[in-house]
Each structure stands twice: as C-alpha cells, then as structure tokens.
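Asker: Pasting in a structure now, in structure tokens, and then I'll have a few things to ask.
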Amino acid sequence: MSFVSTSLSLIKHPHILVRWAAGGWTFFVIENAILSENRTWLIDSLGDDNYHLCYGVCSTIATASIGLAYYKISRKTPPIPPQLVRRIPKNVMITASNIGSWISMSVGLIMASQVAPTFQIPVSYSSPESGNTTTTDVVTGPTNENDINSNNQSSGGGMKFQVRCPFDFADKRLEKSDESDFSIRGLERISRHPGLWSFGLIGLSQSFLAPTIPLQIWWLGPAFVAWMGGNHTDSRFRRGIGGTLPPQYECQTSNIPFLAMITGKQHGGFEALGNEIKPLNAVLAVAASSMWILRRIKR
C-alpha cells in the first residue's frame, strides 16, 4: 500500500525534482515530434536555414534542461524527501533490480557494439588453398615483389601463421545486394530502431540501480525517447514523410525490442540473429556490462 500511496502522491503533488526529471525528456520528445511532423510547412514558411536554426535552438534548450535536471537531482537541490528514496538491499548481489540492470545493460551494449567494426582475434592459421583474403601476412625479411612471391610459393601446402587487423572493416554479412530485398538481418530483427533502443536500454539499466525516484525517472528518459521517437518515425515513414516503411518489412519487425521475435513474426529469428551479429563484439559488450554492474553493486 505504501508504494501505491507514494505513486498517487507523486501524480497529484509531484516533487519539483520529479517534474525536472520528467520535464526535460518530455520537452525533448515533444519539440522533436512537432518540428519533424511539420517540417515541410515550416520550411515553406521560414526557409530551410531558419527551420534548421529553430530546430537546433529548441533541441539545445531541451538537452540543456535534461542536463540541468540531472545536476539538480544528483546534487539533491532541493533536498529529496525520504519517501522518494529507494530502499536498496545492501551487500546483496542477486536481486531483481540487479538482474534487470545487467540484462538491460548487456543488450544495450551488444546493440551498440554491432555498429562498430567487427572485432576479431588478430592471429590465425590458414592454408594457402583456403583463399582467405581477410588476413595479413607478416613479412620479416625482403620486401620486394619477387621475394614475397617466392616466400608464398615456398610455404607449399602447409599451414601459414598470419596476423590480421583486430578490426574487420569489410564485414559483408549484413549487406543487401538488392534494395527491393525486404529480408531482415542483424539488429533489424531486434528493433527497427536499434540506435535509439541501445541508448534506451542503457538508460533503463541505470534506472534499476538509481537510489532515488527522481533519478530513476530521469534514467527512464532514454527509453521513453526510443519508444515515442521510434513510433513517430514509423508513423511518418508510413505516410512517406522522410522515408518509407514497406508493409513487407514492417510485418517482420517491431519498434519495441524483441517483440517481433517473441510474437512469431520471424521464423527462426533468434537462431538467425546469432549467426548475423558480430560475436566477439557481443562478448566484449557483455564483459563490459558485467564489470560495470558489479562495480555499481559493490559501492
């Protein structure tokens, strides 16, 4: 009952820091929605340069208000009343909040890591017959073309030790050969807006561990932006404003992460996702998430 009464009290008489926590993100979403929805009319009325100036000023004000809200909440100015302070168990490693935080952070970082070049182990063994062109041989002696060719020929059919760049900038797994191809790949299986949701899930992770209600609300802001921003973008694209959202593509995907996969819109979605993501990037993301959450828990 105390939780219900506290929630009702927050709705009827929200603390000033609660208003700051929710207000900045709400203003950010509203101003972006209004300016993007009325883009054509505003450009016709104001001109392209003035439109972008207006957009930039409004977005800057919204972002500044979000930053100011975090500053006020973290400094507890004004002081936060006891009913807005969360009771977090001390010296308890496994709680629902900790698990939720770790899962959200891991998924968010995995999604963010897929945008980066593919990480790969920088050493490998391969045979000349394999035709592997993604590795770089280490040549320690002569560097003229004839000597290099003779070295390659002398290696015969044996295994060659090779060193390659830790970053594979030529990852071809997610490239589409045909723009009319509506098959989905990689992070598209999780959400139509993976960039927004990687940001949102990382924020959601921090909200699980926030010590106060205002800070928890503030950290929920990125997920709110991802949800509302993704829905608004989809709405505009369905109407052909700023992009397109073909029905063949929409019926296989979702805005909310994993919803299309869980509801059966994709056949074998989880298995295909495992084959399409960059595995070492994902492992590093989970490792970083685990270390970060453990550090937060032990504070």
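Here the Cβ of each residue, glycine as well, is placed from N, Cα and C on the backbone.
Any TrEMBL annotation is an automated prediction that lacks curation.
Pulled the feature table from TrEMBL, pasting it below:
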TRANSMEM  50-71  transmembrane segment
TRANSMEM  92-112  transmembrane segment
REGION    127-157  region 'Disordered'
COMPBIAS  131-144  compositional bias 'Low complexity'
COMPBIAS  145-154  compositional bias 'Polar residues'
Asker: Can you work out which residues elsewhere in the same chain, 6+ from the ends of the transmembrane segment (50-71), have a Cβ less than 8 Å from its Cβ atoms?
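Answerer: Same-chain contacts beyond the ends: 17, 20-21, 23-25, 27-28, 31-32, 35, 39, 42-43, 218, 221.
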Asker: Residues of the same chain, at least six outside the transmembrane segment (92-112), with any C-beta under 8 angstroms of its C-beta?
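Answerer: That would be 187, 190, 194, 197-202, 204-206, 208-209, 257, 277, 281-282, 285-286, 288-290, 292-293, 296-297.
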